[in-house]
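The DNA-binding region annotation in Swiss-Prot covers 10-85 and is backed by sequence analysis. As annotated by Swiss-Prot, zinc finger applies to 13-33, 49-73. Residues annotated as N6-acetyllysine in Swiss-Prot: 34, 38, 72. The annotation region 'Disordered' is assigned in Swiss-Prot to 119-160, 197-216. Residues annotated as SUMO cross-link in Swiss-Prot: 119, 193. Taken from Swiss-Prot, the feature compositional bias 'Low complexity' covers 135-148. According to Swiss-Prot, the feature compositional bias 'Pro residues' maps to 205-216.
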């Protein structure tokens with residue numbers, strides 16, 4: 001049985017991108033994909049792919065590879081059990097309640113889009129949420145439950161507002177610095193010489209770059225997950241490989257530094273190596289890899305500390321222990337140790353960070369939302385500072401649309417989740433800004449190891 005839908009939502013078929021005609025076999029699809037799916041199931045057809053089982057499926061070439069087209073039908077959530085075995089017209093009526101529920105979600109989504117002033121035809125572009133005065137946690141030392149008062153971040157000054165509310169930074173960035181060298185595909189290694197051993201290469205043989213896990217499963221087990229989020233899941237760095245590389249780096253003796261590094265110095269080294277994995281991740285991201293290096297640098301120099309903070313916070317959500325924080329190396333640090341050894345400012349920052357961990361935990365943020373939010377952070381700079389405005393703006397709108405669609409579909413009982421997640425991004429921005437200030441003052445005092453990517457990023461906004 002086919003069900004009508006609201007045409008003013010201007011839905012596109014999740015399989016091929018054609019205009020949808022109604023609800024067919026579990027979700028909104030076009031007539032062509034509806035008929036293809038029905039014939040495939042009823043006739044028990046088996047296809048093979050002559051390429052690598054990764055063919056592009058769109059309106060113009062959806063008939064070229066039936067194997068990949070059918071796999072995509074299953075991936076986006078079309079239901080095998082909804083096809084009638086008796087070859088009669090109409091789907092199975094037991095899916096009626098599901099269609100009605102989906103229609104209700106579409107109505108709710110439409111209302112939310114209109115309430116936030118998003119564009120219906122291209123997906124939402126982020127409007128700024130209410131500003132909040134959240135003091136923040138350091139990018140390198142967050143952790144700990146509780147809420148301790150901390151001095152608020154300074155006024156934005158000449159900062160410009162990014163697409164989800166908090167300020168971005170206007171920058172005139174040269175394309176010849178160390179980060180530029182690292183971003184060029186022809187120079188994948190570090191272009192600056194660190195006082196610490198290079199984890200990517202040794203005098204004897206080059207080490208492989210940070211590894212990525214096998215592609216995230218994208219079959220029928222993940223129905224209703226937007227394609228952008230599926231791609232981002234595939235690009236997530238492997239936590240085990242990152243842990244092993246950082247541990248190896250920490251265990252090697254420091255060149256020209258016979259003295260034992262301080263705990264804070266070790267934390268900075270962890271952050272520096274994590275930052276390299278973040279750059280590797282960004283280089284592989286859809287849209288980002290299509291930008292010119294100058295634009296890539298502007299984006300990374302704008303959001304590097306946010307990505308570090310967010311990476312740490314999500315690790316604590318997965319860790320799930322209130323009395324300790326989990327480092328990227330897999331080591332646990334008791335909060336009592338932090339309280340005893342850290343200064344008052346650092347301790348208050350740690351407590352503020354853990355409060356954000358608790359907020360996101362209460363929102364039940366999952367891995368799909370995490371990767372989408374991380375992508376939004378990467379593209380948080382106001383597009384007017386970029387050469388390729390259109391590409392970056394398109395990335396922002398697609399990510400917002402994907403996150404809204406995902407939260408509405410998978411958390412219909414939390415109708416406000418999309419907005420709440422964006423508010424948390426504003427807090428992450430605030431946290432990272434204060435963390436940068438803390439780290440910069442530590443650097444001026446000689447407590448942060450010099451000549452590395454972390455220091456380069458610290459100076460980027462101050463040049």
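Including glycine, each Cβ sits where the backbone N, Cα and C put it.
Confidence over the zinc finger (13-33), given as mean pLDDT on the 0 to 100 scale, stands at 89. A C-beta separation below 8 Å, combined with a sequence spacing of at least six in one chain, links residue 34 (N6-acetyllysine) to 21, 24, 25. Rounded to a whole value, the Cα-Cα separation of residue 38 (N6-acetyllysine) and residue 72 (N6-acetyllysine) is 14 Å.
Under 8 Å, Cβ to Cβ, and six or more positions away along its own chain, residue 72 (N6-acetyllysine) finds 15, 57.
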